[in-house]
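Written out below as structure tokens is the structure these notes cover.
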Amino acid sequence: MQHNHERVGFGSKIGAILAAAGSAVGLGNIWRFPFETGNHGGAAFILIYLGCVFIFGLPIMIAEFTIGRRSKASTGGAYQALAPGTKWKWVGYLGVLTGFLILGYYSVVAGWTLEYVWQAATGGFAGKSSTEFITMFQEFSQDPLRPLLWLFIFMLLTHFIIVKGVEKGIERSSKVMMPILFILVVLLAICSVTLPGAEKGVEFLLKPDFSKVTPDVFLGAMGQAFFSLSLGMGCLSTYASYFGKDTRLGRTAMSVGLIDTFVAILAGLIMFPAAFAVGIQPDAGPSLVFITLPNVFQQAFGGVPVLAWICSVAFYILLALAALTSTISLHEVSTAFLHEKFHFTRGRAACIITCGCLLIGVASSLALGEWSSYTIGGMNFFDALDFLTAKIMLPVAGVFAAIFVGWVLDRSIVRGEVTNYGALRSAYYPLYIFILRFIAPVGIVLIFMNELGLLG
Ligand code: PHE
């Protein structure tokens, strides 16, 4: 991944795809997707999610790529560069704020993955029953200190990489890491669906029950699509500012979308059969991955303890790394903003962001234990932040990105970016513009109105 400000650009087209995929694939796929699916009734949610990915997600991703590559600026400055002197710059600022807030609570969960690496490595999973895994997670997440320790460590790790600049190491290691994560996820899915009693979980995932579709399901699926694809906060537009002239925007978006969706569906295939097999409710919420997965390792490889040990350690390390490539991309957007806008050195900008996110992180972490009685709209601080950012702020900024590229930006620029200034034929261009101008903004607004009960 490349974060230098000299706009040196990605080495290759595959580098561009991997960087964007590194941002997209993360806790959103393996932690958030399964519990949102569980909370919203399973297969019907997944179908609506897929609709959101293809109808809103991919066109808006191409729109963000267009904004980034054309402006050659990070989100904070991109709208300013393309529409100087207008209020559009506020959409860029909204993205920066959203990324900052997401980083705050995302790092808490990223910290949990480190605790689980530690537990897995030191034999903390061995011989535990499913109820013991539930207690283990509850005691850990409600502890006032331990999660904070891991949160600090994770933030420091992210901070260190951002300050150093993301050297070739990260790009190279993500080229190794992503395929390993992929293989491991496929293997685990196979283990999970072959557990005794797993059929109910597979059914939950594949058999849609439309009676469970409420306005919340639409809002949840749309929020999940934006969150998982890293859309609506300018992460991908910042990355696109490093794209080369011959990178194909449409094809890159398609690849990122497919990789991201594939990992999410596989994560579902790991989680639900395993959860049903050991009698854990699918709507266990944010704790789902941390309770079901250790269980799968024990159940599937319990007979061969070494195998159980290797798989669980490897899985949590990879999960932590996948989270790290996402926290880096989240951190970069705010750091680049402070650096470019207020001319702070990168080091100072990164310090401000790290300290701010730590404060949010501490509050989100305590919200799950000591401070759980403080609620906002019936949600604790952690859930409220997740709701506000994923379900409101990301889609709102997404609508603006669609309107900006669909209606405001000069047509020749929009067509030029999509066709690499005439080098590509683009049979889908009229469809793409139609979606950006009408379908995406109207669809997203309808989902909001539906949620508010305005559609009757
Ligand atoms: N897409 C990342 C994930 O799935 C999270 C993320 C959201 C990263 C928004 C960047 C911007 O984990």
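Cβ coordinates are placed from backbone N, Cα and C, and glycine is handled just like the others.
Counting only same-chain residues 6+ beyond the ends of the transmembrane segment (12-31), those with a CB under 8 A from a CB of the stretch are 1-2, 106, 109-110, 113, 171, 174-175, 178, 181, 185, 224, 227-230, 235-236, 239, 242-244, 246-248, 252, 255-256, 259-260, 263-264, 267, 286, 288-289, 319, 322-323, 325-326, 329. For 12-31 (among others), the entry in TrEMBL reads transmembrane segment.
If you look at the transmembrane segment (43-67), the same-chain residues 6 or more away from its ends with a CB under 8 A from one of its CBs are 33, 36-37, 78-79, 82, 204-210, 212-213, 217-218, 220-222, 224-226, 229, 231-232, 234, 236-237, 240, 243, 249-250, 252-254, 256-257, 260-261, 265, 268, 395, 398, 401-402, 404-406, 409, 413-414, 417-418, 432, 435-436, 439-440, 443-444. Sequence annotations record features per position, and here TrEMBL assigns transmembrane segment to 43-67 (among others).
Tertiary neighbourhood of the transmembrane segment (88-108): same-chain residues 27, 75-80, 82, 147, 151, 154-155, 158, 227, 232-235, 323, 326-327, 330-331, 333-334, 337, 353, 356-357, 359-361, 363-365, 382, 385-386, 388-390, 393-394, 396-397, 400-401, 404, 408, selected by CB-CB distance under 8 Å and a gap of 6+ residues from either end. Taken from TrEMBL, the feature transmembrane segment applies to 88-108 (among others).
Listed as Cβ neighbours of the transmembrane segment (148-166) (distance under 8 Å, sequence separation of 6 or more from its ends, same chain) are residues 1-4, 107-108, 110-112, 114-115, 320, 323-324, 327-328, 331-332, 335, 346-347, 350-351, 354, 357-358, 361-362, 365-366. According to TrEMBL, the feature transmembrane segment maps to 148-166 (among others).
Look at TrEMBL and you will find 178-198 (among others) tagged as transmembrane segment.
Residues of the same chain lying 6 or more positions beyond the ends of the transmembrane segment (218-244) and with a Cβ under 8 Å from any Cβ of it are 1-2, 7-10, 13, 16, 19-20, 23-24, 28-29, 32-33, 36, 39-40, 45, 48-49, 51-53, 56-57, 60-61, 64-69, 71-76, 78, 92, 95-96, 98-99, 102, 252, 256-257, 260, 264, 326, 329-330, 332-333, 336, 389-398, 401, 444, 447-448, 450-451. What TrEMBL lists as transmembrane segment is 218-244 (among others).
Under the heading transmembrane segment, TrEMBL lists 256-280 (among others).
Residues annotated as transmembrane segment in TrEMBL: 300-328 (among others). Counting only same-chain residues 6+ beyond the ends of the transmembrane segment (300-328), those with a CB under 8 A from a CB of the stretch are 1, 3, 22-31, 103, 106-107, 109-110, 113-114, 116-117, 120-121, 123, 125-126, 154, 157-158, 161-162, 166, 170, 173-174, 177, 180-181, 184, 187-188, 191-192, 195, 230, 293-294.
Beyond the ends of the transmembrane segment (349-368), by six or more residues, the same chain brings 100-101, 103-105, 107-108, 111, 141-142, 144, 147-148, 151-152, 155-156, 158-159, 162-163, 331, 334-339, 342, 374, 380-383, 385 to within a C-beta distance below 8 angstroms of the stretch. For 349-368 (among others), the entry in TrEMBL reads transmembrane segment.
Sequence annotations record features per position, and here TrEMBL assigns transmembrane segment to 388-409 (among others).
Taken from TrEMBL, the feature transmembrane segment applies to 429-449 (among others). Sequence-distant contacts of the transmembrane segment (429-449), counting only residues of its own chain at least 6 positions beyond either end whose CB sits under 8 Å from a CB of the stretch, comprise 55-56, 59-60, 62-63, 215, 218-219, 222, 250, 395, 398-399, 402-403, 405-407, 414-415, 418-419, 455.
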